[in-house]
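Worksheet: one structure, shown below.
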Amino acid sequence: MSALHPASHSQGIDTHSRTGEMVAFGSMRDFVVVPIVIIPLLISKRRGEWVLYLRRLAFLCVCFLTSQTIRYSRCPLGSNLVIGIWYAYLAIWSGVFLVFRDFEECFKRVEEHVVVENIQKHPRKDRGDTSGHEEPSPEKRHQQPTSTAPTSQEVRLLRWQKYPDTLVHRFFWVLDMLLSLKGAGWNWGPSSQSLSLPKRLSSQTPSDRKNPLRALVLTCALKSLALYLQMLLLQAIALRDPYFWGPYAPSSHQRDPAPQSFLRQATRVCLSAAMIWTSMALIASSLALAHALTTTCIRALHSKTGVVALESAWLLHADTLLLPDITGTANARSPPTPQTTTTLEWFWGSFWHQTYRQGLVEASRWLLTPLGKTRGRTVLFRFAVFFLSGAIHWCGLYTGFVPHGGAPSWRPVLFFAVQPVGMFVVGGLRRLLLFSGRSEMLWRAVDFGASFVWLVGTAPWLLDELAWTGTWVLDVPSLGDVGRWVGLEG
C-alpha cells in the first residue's frame, strides 16, 4: 500500500500544516469573503459612482482571498475537492453581481405579498320581517343579532420584486441571489423564462399551508436518504476496482500505463459519472431539505406568510414547489432534447447538472464583450464557458491531497476545453446524414454512438485525476463515519 492511506489522511495534512504548506480550513480568511461580497451589494448605486468602484474593489479582494484559500486551506476529512471547486466558483459567482452585471436593474425574484382588500357590502333584507311598516319593539331590537361580518380581507399575491428599498428586505434578497445557483424563483433561472404569475393565490390559513410544507420536508428527507444509500452502493461497487482507490491502491495497480479495453474504460466512465451525478443530486436535495426545515421554523414563529422579507426571501425554493401554477407556461424556453439537438449538446445542456451554468455564462459574456456581436464571439463563447468549467474543476483537484506532492495535470482543463470541438464534429456528422436523406433511425443511432464514443474517449482526462486524488475513497462518509461524527463511537 501507499504510504498515504485513508487512516492517515488527517495525519498527512497535519504534517503539511506544521511545515506551513497548509492550514486548517475554517480560519477567518476562509469566511470573510462572504461579508466582503454582501456589504457592497447592500449599498444602492443611486448613492453615487463610488459604489461601483467599491464593488470592483470587493471583487479583487474576493479573488485574492479565494486564491489563498485554494492554495493553503485543507480539511482533515474528505479529499478537499469541494474546497477548490466552490471557492473557485465563488470568485466567478461574486463577479456576476459585483462587476459583470447590473444586478439592481436586471434581476428580479418572485415574492409573496399580503395586501388588504375591502369587502363590498350588499344590503340584505331581514328574513324575520313580516311587515315593512312595523317597528320592532325595544325587546326585539335588543334581541336582533348585530352584524359581525369583516369589512376587509387579506389577499396573498405573487409579484416580481426588484432590488428592495428597506435594508432588511434587501439583505435577504441579496442573500437569496447569492445562494440561488440555479435561479429558483428568479427571472434568470432556466425554469423561470417568461414566468407568468397568478393574480392571487387560493385562500389558505397558516395551518393549511403547514400540511404541504410537512409533505415537502418528508419528501426531501426521503429523497436525500435514498440518494445517500445509492451513493454508498455505487461506492461499494466502484471500490471493487483498484482504479478507484487512487493513491491507496497497491503499487501494482497505481497508474497502470497499459492501455485498457474500450469496454473497461466505458464501465469506469459510466460508474464515475453515476457517482458524480448522485453526489450533486444529494447536495441539491439536502439543501432543499434545509430550506424546507428553515421555512417551517420561521412560519412557526410568524403566522402571516409573506408579510416580511424573512418569510419570502431565500426560502422561496420550498414555496415554489407548493405553488405549481406559477410555472409551466407555454412561452418558457424549453431545455435542449435529443430531438432538437445533438446528443452531446443535450448531455451538457440539459441532462448533466447545471449548477455552475449561470456564473460561467455571465463571466464568459463579460470577457468577450470587446468582440461585440460577431460570429467569432459566438464561437469563442462556448469555448470560454467550458474552459472556465475546466479551470474550477482543476482548482478542486489542486486542493485534493495530491499523491507525492505537486499539482494535478492540466488534462481536466483540456477535457472541458475540447467539448465544443466534439459538439461541432457530431453536429456536422448529423447534418451530413440529414442532408443525404438517410433515415431518421440511422442518424439518431450515429448521433448517439458518436457522442458516447467521444465522451468515453475524453472523460478519462478528468476522471483519472479524480480517482488518482482519492476522491471516491475519501469523499463519501460511511454510516460508521456519520455515527462517529455525532459521538456514537464504539
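In case you wondered, yes, glycine gets a Cβ from its N, Cα and C as well.
Automated prediction, rather than curation, is the source of TrEMBL annotations.
Among the features that TrEMBL reports, compositional bias 'Basic and acidic residues' is placed at 126-142. Summarising the annotation, TrEMBL assigns compositional bias 'Polar residues' to 144-153. Residues annotated as domain 'Wax synthase' in TrEMBL: 339-416. Per TrEMBL, region 'Disordered' is recorded for 121-153. Sequence annotations record features per position, and here TrEMBL assigns transmembrane segment to 22-43, 50-70, 82-100, 215-238, 274-294, 379-401, 413-433, 445-463.
Looking just at the domain 'Wax synthase' (339-416), the mean pLDDT is 86.
Counting residues per DSSP class in helix, strand and coil order gives 54 helix, 0 strand, 24 coil for the domain 'Wax synthase' (339-416). Take the transmembrane segment (50-70) and the stretches 22-43, 274-294, 379-401: counting Cβ pairs under 8 Å, 22-43 has the most.
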